[in-house]
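The feature active site, proton acceptor is assigned by Swiss-Prot to Glu88, with sequence analysis given as support. The ATP binding site annotation in Swiss-Prot covers Ser9, Ala10, Met11, Asn12, Ala13, Gly14, Lys15, Ser16, Asp87, Glu88, Ser89, Gln90 and rests on sequence analysis. What Swiss-Prot records for Cys145, Cys147, Cys182, His185 is Zn(2+) binding site, and it gives sequence analysis as the kind of evidence.
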Amino acid sequence: MAQLYFYYSAMNAGKSTALLQSSYNYQERGMRTVVYTAEIDDRFGAGKVSSRIGLSSPAKLFNQNTSLFEEIRAESARQTIHCVLVDESQFLTRQQVYQLSEVVDKLDIPVLCYGLRTDFRGELFVGSQYLLAWSDKLVELKTICFCGRKASMVLRLDQDGRPYNEGEQVVIGGNERYVSVCRKHYKDALEEGSLTAIQERHRHI
């Protein structure tokens, strides 16, 4: 019986790599997969999922207006789909998460979603909120902070490397960069206004 999966993590935990490996595992057995990624994120080129270790795969794009259930139903009528995989699933709307649950429940196609749980403010993305609520299986993909603890938070740094937690939730292609850290060092960095100073102190412990 098909299920809806949500693989979630902080940034740079290998979500895209895990998605590409799952897709490959299906294809290796002669099964057909359909891969989606968010139209909003084209850092590695539009229409593909790319991992930091150099793997990539063509992908369909979704935006807030994409009717995922109708697209997948039409596609599966033409040719059997054995699995749907969604990268950057934090950018899904509530309705799209519901549509993916319909793909599972009505079309009996497994759906594997990969995404961030929280944003740089420590708040849930809408897509992640409903995936956490409605998925059959939740899997945390772990990465570590510079201190060795599990990294569960994402810091946004400005062009001068200073952490901040105000502004738009989604900024693609700006001068900002993001770093995954543990909760303690997320709070410490925001309080001090510097991640570098905290990292330097930690090196000398």
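Glycine residues also receive a Cβ, built from the backbone N, Cα and C atoms like all the rest.
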Exercise for the section: Quick one: of Asp87, Glu88, which of the recorded positions has the smallest count of other CB atoms within 10 A? Expected result: Glu88
Exercise for the section: May I ask which of the binding-site residues Ala13, Asp87, Ser89 is closest to Cys147 (Zn(2+) binding site) if we compare their C-alpha atoms? Expected result: Ala13
Practice task
Tally every other Cβ atom lying within 10 Å of the Cβ atom of Met11 (ATP binding site).
Solution key: 17
Exercise for the section: Between Met11 (ATP binding site) and Cys145 (Zn(2+) binding site), find the distance joining the two CA atoms and give it rounded to the nearest Å. Expected result: 11
Problem - Cβ-Cβ neighbours of Ser9 (ATP binding site) (radius 10 Å) - result: 23
Exercise for the section: Calculate the distance in Å between the alpha carbons (Cα) of Asp87 (ATP binding site) and Cys182 (Zn(2+) binding site), and round it to a whole number. Expected result: 23
Completion exercise
Whole-number Å distance separating the Cα atoms of Glu88 (active site, proton acceptor) and Lys15 (ATP binding site) is 9
Handout entry: binding-site residues compared (Ala13, Cys145, Cys147, Cys182) - the one with the fewest other Cβ atoms within 10 Å
Key = Cys147
